[in-house]
Amino acid sequence: MDFNLTQEQSQFADALRRWVEKDYNFEQRKHIIASDAGVSPSAWTALAELGALALPIPEAQGGFSGTAIDMLVIMQELGRGLVIEPYFATVLAAEFLKLAGQHDHLLEQVASGELQMAAALNEKQARHELFNIATSASQNADGFVINGVKTVVLHGAQAGQLIVSARSSGAQRDSDGISLFVLDANAAGISRREYRSIDGYRAADITFNQVQLPSSALLVTQGAGWPLLEAGCDYGVTLLCAEAIGVMEAIFAATLDYLKTRQQFGVPIGKFQVLQHRMAEMFMELEQARSMATLAAVKLSSEDAEERRRTVSAAKARIGQAARYIGQQAVQLHGGMGVTNELPAAHMFKRLTMIELSLGDTDHHLARFIAQPGFKAAA
Amino acid sequence: MDLNYNTEDLSFRDQVRSYLETNLPADLKHKVLQHKRLHKEDYVRWHKILAKQGWVATGWPTEFGGTGWSATRRHIFEEECARAGTPPILPFGVAMVAPVIMAFGNQAQKDYFLPRILNCDDWWCQGYSEPGSGSDLASIKTRAERVNSLEGDHYVVNGQKTWTTLAQHADMIFCLVRTDTGVRKQEGISFLLIDMKTPGITVRPIIMLDEDHEVNEVFFDNVKVPVQNLIGDENKGWTYAKYLLGHERTNIAAVGRAKRELQFLKRYASEQQKNAASLLSDPIYASKVAVLEIELMALEITVLRVISQDSGRPGPEASLLKIKGTEIQQRLTELMMEAAGPYSLPFDAAFLDGESEHSIVGDDDAAPLASYYFNYRKTSIYGGSNEIQKNIITQMILGL
C-alpha cells in the first residue's frame, strides 16, 4: 500500500503551481474573467507546454497516457489556482474519444494544444439525469441529422469540437436509444449563445437545427451510447472531485491564515474555541473528502463497472458535503470580508458551490449509490 | 499510489483468517455478533487462546513477547478479528500500562509484570479520572505520601478514582497520583501500580444507561503501596500518562468493527418492513445508511493513509480517527435502534446476559439494540472527549 506521489507526479504538480503563482494569480485571473474572451490563449499555451494537455491522452496519439491518479494531481493544482480555462471541458470531451477508441487525429490535436473541446450533455428538463435526452439524431443517407438544444455547456463557445448526446430511439428518459457524436462546433445549423457563470467560467447554450453529420461522427453503435456516456461522465466527476480538493485546500489555508492574523478583543480570533472547533471540523471534512477523491481515482479504471459507479458516486456525494461545509464556514469565519467579491476565498467558495451542482449533485449521487445492486445485496 | 496490500500482507491476512476460523469458539463469536454482554471469563478465555498463538500483544516488540508486526499487519489483524467477531483484547494491560512499563519501568518491573500481562494472569484497570478531573486530567487530587519505615519505604494513598472500567474484576490498577502539591499541576504527578487487594481499597459500581455494570468508583483510604511499584521517577508521571494516551488511540477508529456492524445493520433493516417493502428500500432510511456507509469508506482510506506513514507512534491525526470513528460507531447503533423501532422497548437483561436462549418478545436481533445505542454514547466521551480531540487538532495540527 502506498499513498505517496511518484517523483514525476510531484514535479508536475510543482511546475503547475509555479506557473499559477507567476502567471495566473488572483489579479491576472480577474482580468481574464473580465475580458471579452473570458479565457486566456497564453494560459492555454502554457498548459500545453507544461504537458497538462498531453497528460491524459494515450501515447499513440502523442500524449503521456496519464492515469486518473495523475489527473488527480493536475486537477488539484488547477483547483488550488482557480484556473478557469477550458481544461476540464476539453479533457472530459476527449475522454469520450479515448473510451470510444476513435478520432485519433482529434486526440492528437488535444495533446498538442491545438484543439479545445466541450461535452454538450445537459438539457433544460434533465436536471442531473444524463439519460434524459430530447435532442434527436435521425439517420439519413448522408449520416445523421441532429435537432435540439443543449444547455449550460461549459466552454461550449470556445470549443472547436463538441461531444453531443442525442436520442436515436426510445422515450425521453430511456437509457436505451442514446447515441454519442463528435462534431465540428461550427457546423451549419449550430448556434451558440455564450454567457458567464457565477464562478468565473464561460458556458453556452447550443441549438442544433437540422445539423447534418457524416456517419463517422457516431462514436459507438447507434442507440447504445449509454455505457459510454456514464463512463465518460464518471471520469468527469473524478476530475471535479480532485479539483474540489485543491480548492478546499486553498480556502482552508486562507481561512486558517485569517484566523491567525485577524485581531478582535485584543487577540487573534483563532484563540476563540468556537472558531477553533469549526476549523477542526473543516479539517476533518477535508481529510475525509481527500480520501474519497483518492479512492474514486483508483477505482475509476475498475473492470467492475458497478464498483466504479458506486465509488465515484460515493466520492461526489462526500465531497459535495465537504465542499458545502468548508465553503460556507470559510465565508463565515472571514466575517464581512467573506461576503465581498474581493478575496480569493470568496471565489473559491463560488467554485466549490458550482462543482457541487455539476455532473450530479450530492443528492443525485447518493441516490445513485443506493441504486447500485451492491447496496442492498451486501445486506 | 497503490491501495492494495502486497502479496506477503495478503498471505498474512489469509493465515489470520484461517486461524480465527479454527480457533474462535462459536459461543464467543455468537455473543459478539449478537451484541450480548461479555463477562470476565469470556475476555480471559479469548486472551489466553490468542496468548497461546503469540498474538496477544500486536503492538509490542518481539523482545517482550510481542508480535513485532508493522502498522499494516496490526491493521489487518484487527480487521480480521473484527470481521470474525472476536471479543476484544482489553487495552488496560496490553495496550496501556505495558508500553509505559516497557518505556519507563525498571528491569524488575518489566520481568514481573510483562509476562503476567501477556498471559492475562493479572486483570488491569486504569486509575486516571477523578470526580473533579475529567478532561482536565492533570488536576487530579488523589494523594500519595512517601513514608519511611523499617519494613521498607512505601506510599500512603488517599483519594478517589472514577469511571474505572471493569475494576470489579481487577487485580491491579495503574494510577496517576499527586506526590507534590507545591508545583505546577503537571509537575507533581506520579505513576503508581497498585494491587487491588491492598487493604483500604473499596470498589463501588456505577450502573450505566444500559443497566450494565461496566464502570466503577474506586476509593483509596490509607492504602500502603511499596515504592517498588513506582514507575520511573517521582513527579514525572504526567510524561508517562501522555505517552500512554498516545498508545490508547491506535485502533480507536475501529473501522473493521464498523464494517461488520454495517453489514448487520443492512441485513437487519432489509428484514424490517415499511410501506409494505423492506426498510432498506425506504428512500429516507436508505439515504441515512448510505451517508454513513460513505463516511466509513472515507474513514477506511483515511486510516490507511495514516498507517502507510508507519511512524510507529500515532501523531495528532489519531484525534481525527477517534472523532470520526466514534461518530460512525454511534450512528450505526442509532440506525440499528431505529430499524428495530418499537422492538427497541422491551428490556431483557437475562437474554443479554446469556441466561435465556431467546429474548422475551422473540426478536433476538432487536433485543440488544437499544442497550447498544445507550451504551455507545460513551464513545464520544471516553479516551479524551471528542471536544478535547478537537483541541488537539487545533493546537497540534492547525497551530491555533
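Using N, Cα and C of the backbone, Cβ positions are placed for all residues, glycine too.
What TrEMBL lists as domain 'Acyl-CoA dehydrogenase/oxidase N-terminal' is A:6-113. Summarising the annotation, TrEMBL assigns domain 'Acyl-CoA oxidase/dehydrogenase middle' to A:118-211. Feature annotation from TrEMBL assigns domain 'Acyl-CoA dehydrogenase/oxidase C-terminal' to A:223-366.
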Quick one: DSSP breakdown of the domain 'Acyl-CoA dehydrogenase/oxidase N-terminal' (A:6-113) into helix, strand and coil?
75 helix, 0 strand, 33 coil
From the DSSP assignment alone, can you count helix, strand and coil residues within the domain 'Acyl-CoA oxidase/dehydrogenase middle' (A:118-211)?
3 helix, 51 strand, 40 coil
Write out how many residues of the domain 'Acyl-CoA dehydrogenase/oxidase C-terminal' (A:223-366) are helix, how many strand and how many coil, based on DSSP.
118 helix, 5 strand, 21 coil
